[in-house]
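Features reported for this protein in TrEMBL:
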- A:Ser120: active site, phosphoserine intermediate (ACT_SITE)
- A:Gly46, A:Leu47, A:Ser48, A:Gly49, A:Ser50, A:Gly51, A:Lys52, A:Ser53: ATP binding site (BINDING)
- A:39-188: domain 'APS kinase' (DOMAIN)
2 protein chains.
Amino acid sequence: MSDVPYKNIDVIGDKSSDVVWHQASVLTEQRVSANGHKPVVLWYTGLSGSGKSTVANAVDKMLFDLGCKTYVLDGDNVRHGLNGDLSFTDVDRIENIRRIGEVAKLFVDAGLIVSTAFISPFLADRQMVRDLLPNGIFVEVFIDTPIDVCESRDPKGLYKKARSGEIKNFTGIDSAYDMPLSPEIHVKTDLASIEGCASQVVDYLVEKGIVAR
Amino acid sequence: MSDVPYKNIDVIGDKSSDVVWHQASVLTEQRVSANGHKPVVLWYTGLSGSGKSTVANAVDKMLFDLGCKTYVLDGDNVRHGLNGDLSFTDVDRIENIRRIGEVAKLFVDAGLIVSTAFISPFLADRQMVRDLLPNGIFVEVFIDTPIDVCESRDPKGLYKKARSGEIKNFTGIDSAYDMPLSPEIHVKTDLASIEGCASQVVDYLVEKGIVAR
């Protein structure tokens, strides 16, 4: 990483011109002002098949339609790209969540509302990400769907494979899922439509003054 | 990484409702349309002290003032965060650039103009990132400043330390810098003002129809 000496020397000119050039940077506050909403991380957590990605994308669409600048990080765009080098060891599982948290932080710095849709089964990992971010930025959205409902959906038969032992360390079957203790938003997908679930998330953002409707 | 079985099972309901829910996702084209400009990666490369970060931030400010959605990835926000686990070995140096490229790709997918300001001295690494992205998205900006000019700036005395051997593997002193062979934009900071250099980049984006002025 030959970029190490980069930070402090990549400034042209003397000290007075440094000041001028630091002023040229766009501040997060300016991005927020231009976007018309505050940035947050909507951190969706829940079992496989619980509906994290579905709800996250429905919320994202609602926010986009309200004029918000948004993005969704999920298995589709992260697993084969940024985190394509990671395996299934405990160490790599933690690193997976750490990197997603750090990328979410960059998106927040850029002024966006970024959603992450990963099982993220462990309290400690979710707390690590919460601690990365300023207060109020990490919004934990618990997609609380009973495992029997997740299992009955099971469109790819993964629960079936986990039950038969063909897949090991499957969350909810032979690997733990730590339920959020006090999530900012608690969504029960078996009791509401997807639109209803998504509205619950958007309502929270409006109530908190993050987004205007 | 217990998110592995995630991709294909995180859909609620049967096949017909899958379709409905896939339609709910916001497409990159829709983000582009809302933003009023196309997304690209402005990949700045050049020696330490060449002015990459300075020019990148000046360009970013100009683009922001034109109403563009932008972000700058640089040592300040990447090195201690996402890439804080990386050391200075060759393997980690490549991984540093790979991750920056992957994150830039996510920002492009979100519709932003993302600038990266890292020395990125090796052709192979820059080519790797170019290959990650669709055609026309990777815009290489060569910040071409003679090493004696960089060295005369040397506000933190790092060139001095490299000359004395106190710092090893310093790009341009005892580690190679592969000059870009055909960069999209070739900026000579010793022949123009910072504003002039930044305008050169913005002019390119306007000419290519990426940004409207």
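Positions of Cβ are set from backbone N, Cα and C atoms, glycine also.
Each of the binding-site residues A:Gly46, A:Leu47, A:Gly49 was checked for a CB under 8 angstroms from a CB of chain B; the ones meeting this are A:Gly49. Helix first, then strand, then coil: DSSP counts for the domain 'APS kinase' (A:39-188) stand at 62 helix, 26 strand, 62 coil. Confidence annotation: the domain 'APS kinase' (A:39-188) carries a mean pLDDT of 95 in the model.
Note: A:Gly49 (ATP binding site) has non-local neighbours A:Thr145, A:Val149, A:Cys150, A:Glu151, A:Arg153, A:Asp154, A:Pro155, A:Leu158, A:Tyr159, i.e. same-chain residues 6+ apart with C-beta under 8 A of its own C-beta. The Cβ of A:Leu47 (ATP binding site) has 25 neighbouring Cβ atoms from other residues within 10 Å, across all protein chains displayed. The CA atom of A:Gly46 (ATP binding site) is located 7 Å away from the CA atom of A:Ser120 (active site, phosphoserine intermediate).
Non-local contacts of A:Ser120 (active site, phosphoserine intermediate) by the CB criterion (under 8 A, 6+ apart in sequence, same chain) comprise A:Trp43, A:Thr45, A:Ile97, A:Arg126. With the fewest other Cβ atoms inside 10 Å of its Cβ, the least crowded of the binding-site residues A:Ser48, A:Ser50, A:Ser53 in this structure is A:Ser53.
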